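These come from Swiss-Prot:
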{"type": "TRANSIT", "residues": "1-23", "note": "transit peptide"}
{"type": "MOD_RES", "residues": "Met24", "note": "N-acetylmethionine"}
{"type": "REGION", "residues": "51-72", "note": "region 'Disordered'"}
{"type": "DOMAIN", "residues": "99-255", "note": "domain 'Nudix hydrolase'"}
{"type": "REGION", "residues": "129-152", "note": "region 'Disordered'"}
{"type": "MOTIF", "residues": "140-161", "note": "motif 'Nudix box'"}
{"type": "BINDING", "residues": "Glu155, Glu159", "note": "Mg(2+) binding site"}
Amino acid sequence: MFLLYRRLPSFARTTTTTLLCKSMEPAITATSSSSFGGGSSRLAALAQQLRQYKPPPSSSFDDSEEMQTDQETAGKVVSQVGFQESIAPLSKDPDRFKPKRAAVLICLFEGDDGDLRVILTKRSSKLSTHSGEVSLPGGKAEEDDKDDGMTATREAEEEIGLDPSLVDVVTSLEPFLSKHLLRVIPVIGILRDKNKFNPIPNPGEVEAVFDAPLEMFLKDENRRSEEREWMGEKYLIHYFDYRTGDKDYMIWGLTAGILIRAASVTYERPPAFIEQCPKFKYPKM
């Protein structure tokens with residue numbers, strides 16, 4: 001039996017979900033909630049499940065030598081082409097790639113209908129690059145960040161006012177590599193008490209804060225894909241259309257790829273569609 005919450009407070013001056021879908025529950029085993037800092041017993045069990053997840057090994061790069069492009073100058077992680085680093089086509093010349101490191105926060109909470117939901121943002125329409133696109137809170141690592149979890153939660157606090165003390169960081173997924181060679185670490189965190197989170201979007205970066213059901217990224221509904229080519233290799237880029245209230249959002253590229261993987265790990269099943277064309281060459285390990 002799941003605990004019932006009050007309706008999620010309106011994401012102040014932003015968009016929040018009102019249409020919730022009944023979803024298949026993740027395959028989790030009931031465990032003690034003593035190690036989880038608040039929330040329902042189901043979220044505590046989910047936290048225990050995700051803490052046991054170990055990402056597969058990925059290619060190793062020397063982080064001391066970094067490649068930077070104009071795309072990463074702003075330090076933000078937004079929707080763009082991206083792959084799990086372990087399947088990116090780098091075997092042709094792996095020594096060439098020295099990516100910068102970044103982290104994004106996949107912040108999960110339990111919706112009013114018991115479904116798992118993830119917090120997303122829409123970038124400000126005033127930004128010069130990728131304006132109006134959907135992204136996960138996140139950005140580049142700073143020298144004082146002790147780990148990827150700190151990077152992700154620090155950026156979330158800066159962008160949407162999410163107090164890090166409300167988030168229980170439970171695991172990190174394997175790195176993703178953006179089109180412009182930014183190594184992105186997805187960090188999964190669980191929002192302990194959604195009623196304590198009152199989003200305060202940074203007006204210089206964020207236009208809206210909203211949430212979506214995590215399971216939608218495993219379904220072949222409101223989704224389309226497009227074949228493209230990168231570095232001589234073909235791949236699929238995914239687009240998810242999502243409507244909440246009177247707002248329509250499109251979640252695509254790197255953000256969609258990360259959420260597909262996060263949903264697969266959380267629900268312990270693959271998506272109901274082909275993720276990408278099986279033509280990638282694996283990097284040397």
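Numbering starts at 1 and runs along the chain as it is shown here.
Each residue, glycine too, has its Cβ placed from N, Cα and C.
Of the binding-site residues Glu155, Glu159, Glu155 has the largest number of other Cβ atoms within 10 Å of its own Cβ.
Per DSSP, the secondary structure of the region 'Disordered' (129-152) breaks down as 5 helix, 5 strand, 14 coil. Over the motif 'Nudix box' (140-161), the average per-residue pLDDT in this prediction is 97.
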